[in-house]
Amino acid sequence: MIQVLLVTICLAAFPYQGSSIILESGNVNDYEVVYPRKVTALPEGAVQQKYEDAMQYEFKVNGEPVVLHLEKNKGLFSEDYSETHYSPDGREITTYPSVEDHCYYHGRIQNDADLTASISACNGLKGHFMLQGEMYLIEPLKLSDSEAHAVFKYENVEKEDEAPKMCGVTQNWKSYEPIKKASQSNLTPEQQRYLNAPKFVKLFLVADNIMYLKYGRSLTNVRTRMYDMANILNLIFRRMNIHVAVTDLEIWSDKDKIIVQPSADDTLKSFATWRESVLLKHKSHDNAQLLTGINFNGPTAGLAYLGGICDPMYSTAIVQDHNKIHHLVAIAMAHEMGHNLGIDHDKDTCTCAAKSCVMAGTLSCEASYLFSDCSRKEHRAFLIKNMPQCILKKPSKTDVVSPPVCGNYFVEMGEDCDCGSPATCRDPCCDAATCKLKQGAQCAEGLCCDQCRFKGAGTQCRAAMDECDMADLCTGQSADCTDRFQKNGQPCQNNNGYCYNGTCPTMIKQCTVFFGSNAAVSQDACFQFNLQGNNYGYCRKEQNTKIACEPQNVKCGRLYCTSPEKQNPCNIYYSPSNEDKGMVLPGTKCADGKACSNGQCVDVTTPY
C-alpha cells in the first residue's frame with residue numbers, strides 16, 4: 001500500500017476576537033481570527049500534490065487546542081464527470097474537467113471517531129466541524145491579509161427572519177403502505193444479498209438560470225456553491241452506507257430549459273419530464289436534482305417523488321437555494337434525496353442523536369446530519385421491497401486514480417477491503433488498520449460473499465432483467481457477481497431487434513428517445529442522406545473526417561425519425577458538442593439477419 005502523505009498545518013489563533021462581522025455565511029456575532037500556517041514534510045522523492053490526500057489542522061478554539069484530521073473525499077466525483085453550460089446564443093458547451101486533484105475533504109476532530117467535518121480547501125479553508133457537540137464554521141476573511149480566517153459557532157450566525165421552510169412532499173408518487181408492510185416479512189436470500197451490497201447514487205446536478213444570476217453570472221461561483229453542498233450531501237449519506245458521487249453539473253447560463261415557477265409541483269413535473277426526455281440521453285445517472293433560486297409558494301423549500309430512485313422520470317427532486325449557509329441547503333438536498341430513496345417524513349416519535357433529524361417535515365436551523373431510527377427502518381423496507389438496481393453499480397478499483405488511502409471506504413489498488421477507520425469499522429471480515437482481509441476470510445463484500453466466504457459455484461447472485469440478459473451466477477472463486485447476457489445476434493423485441501451486449505437496441509426505441517413517444521422511424525429515402533458524408537449523414541469518422549456510408553450501410557449512419565410534431569419527414573438529432581449523438585447505435589438491426597457494427601451492416605452470425 002502506498003504511504004499517504006501527511007501534511008500538518010498549524011492555525012495559530014491570535015488573541016483577537018470580533019464582536020460582529022458580515023461573512024459569506026451571513027451576519028456573525030462573536031468570532032475568532034486564526035491564521036493558517038502550512039508545514040509540509042514531504043518524503044524523499046515524493047511528488048507534491050496541489051491538494052494532499054490527508055491533512056491535519058491544529059488550532060485553538062476558545063483557548064483550547066484542537067486537531068482536525070481531514071481526508072480528501074476522493075469519491076465525490078465520478079471518473080467521467082462533466083460540466084455543461086450554454087453560450088448567450090444557446091449553444092451547449094460541455095467540458096470534462098480534471099477533478100482528480102480536487103479540494104474537498106471530510107474529517108473529524110482528534111479523539112472523535114465520527115466523521116463530522118466537511119471542508120473546502122480551494123481558496124483558504126471553508127466549512128464546518130463538530131467540537132464537543134457544537135457546530136463550528138470556518139471561512140476566509142476577505143482582507144488584504146489573505147491568511148486570516150474566522151472561526152465561529154454556528155449558533156452565532158444570525159438566522160434569517162422568516163417562516164420555517166418545509167418539504168412539500170405529501171406522498172406524491174408511490175404508495176407508501178406496501179413498503180411498510182414489506183419490512184415485516186422474512187427476507188429471501190436475494191433480498192438479503194441486496195441489502196448487504198454497497199450502494200452508490202450517481203447524481204446529476206442542475207443549477208437554473210436564477211442561480212446563475214444570483215451568483216453574479218459566474219460559472220465559478222455557481223460551481224463552488226454546488227460543490228460545497230455536494231461534499232456535505234456525500235457526508236450525510238455515508239451514515240446510511242450510501243455513496244453519493246456527482247457525475248455531472250449543468251448550469252442554465254442562457255435561459256431555463258423548463259418553466260421554473262413558484263409552484264413546486266409544476267416545476268418538479270416539468271423537471272422530471274425534461275430529465276426523462278432530454279437529460280438521460282446525454283449521460284447515464286441514477287438521480288437528478290434541480291437547484292433553483294426561485295421562491296416557491298408558501299414555506300416549501302423542496303419537493304421530490306417518494307420512492308422514485310432509478311425511475312427514468314421519478315428519480316428527481318427540486319430544491320430551493322433558500323439560505324446563505326450552504327450546509328442548510330445541503331441538508332434540504334439530502335432530505336429530498338431521502339424521499340427518492342423511499343423515506344417519508346419523520347413522525348413525532350422518531351428520534352436521532354440530535355435536536356432535529358434529516359427527514360423532519362420542517363427544515364430545522366439546527367443543521368442535523370443524522371437520519372432517525374424511523375428513516376433507517378423505512379429505507380431498509382423500501383430496499384427490501386423494490387431492490388432498485390441502478391444503485392448497485394460502483395466504480396472499479398482502477399477508476400480511483402489517486403493514491404489509496406486506507407479508511408476512506410473505497411477499495412483501491414493494493415487493498416482487499418476498506419470499512420473506514422478502526423473506530424468506526426463494523427465489518428467482521430476486514431482489518432480496518434491494514435485494509436486487508438482478516439485471517440481465514442475470503443472476502444468482505446460483494447454479491448457472492450456470505451459471512452466472509454465465497455458463495456458456492458452456480459449460486460444465483462442477480463436475476464435476469466430482460467430477454468437479452470441472463471441470470472448471473474457465482475463462480476465459487478470470487479465475491480464478484482459477473483454480468484452475463486445472451487449472445488449477440490439473438491432475436492429480441494418480437495424479432496424487431498437483435499441482442500447486443502445485454503440490450504435490445506432498435507431504431508424505433510432510439511427515435512422515441514430523441515423525439516417523444518409518438519415518433520417513428522423515417523422512410524428509407526431519408527437514410528440516403530447518409531451517402532453525403534457531412535453533419536447530416538455519415539457512417540464513421542477517420543481523423544475527424546466524416547466518411548459517407550456505402551449504399552448497403554445507410555441504416556448504420558445518422559438516425560432519421562419522423563414525428564407528428566415535426567413537419568419534416570426526415571428529422572435528425574444533432575449536437576455540435578457531441579456529433580456522434582444521434583447516430584444509429586451499435587447492434588441495431590439494419591436488415592433481416594444483420595446488425596450495425598462500426599458503421600457497417602454486418603451479418604449477425606459473424607462476431608460484431
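Every residue, even glycine, has its Cβ placed from backbone N, Cα and C.
Keep in mind the model is a prediction, meaning the values are calculated, not measured.
For Cys474, the cysteine that Swiss-Prot lists as its disulphide partner among Cys443, Cys448, Cys504, Cys511 is Cys448.
Here the candidates are Cys452, Cys561, Cys570, and Swiss-Prot names Cys561 as the disulfide partner of Cys511. Here the candidates are Cys435, Cys443, Cys499, and Swiss-Prot names Cys499 as the disulfide partner of Cys468.
According to Swiss-Prot, Cys504 forms a disulfide bond with Cys492, chosen from Cys492, Cys526. The candidate set comprises the recorded positions Cys352, Cys429, Met470, Cys561. Of these, Cys561 has the most other Cβ atoms within 10 Å. Within 8 Å of the Cβ centroid of the Zn(2+) site, not counting the listed residues His335, His339, His345, the chain contributes Cys167, Val169, Ala304, Glu336, Gly338, Ile343, Asp344, Val358, Met359, Gly361. Proximity note: of the listed disulfide-bonded residues (Cys406, Cys435, Cys443, Cys449), Cys406, Cys435, Cys443 have a CA within 10 Å of the CA of Cys417 (disulfide bond), given in sequence order.
Counted with DSSP, the domain 'Disintegrin' (403-488) comes out as 0 helix, 15 strand, 71 coil. The two recorded residues, Cys461 (disulfide bond) and Asp418 (Ca(2+) 1 binding site), show a Cα separation of 22 Å. Cα separation, Cys511 (disulfide bond) to Cys481 (disulfide bond), rounded: 33 Å.
In the structure as shown, the Cβ atom of His339 (Zn(2+) binding site) sits within 10 Å of 26 other Cβ atoms. Here Cys350 (disulfide bond) is positioned 39 angstrom away from Asp472 (Ca(2+) 2 binding site), judged by their C-alpha atoms.
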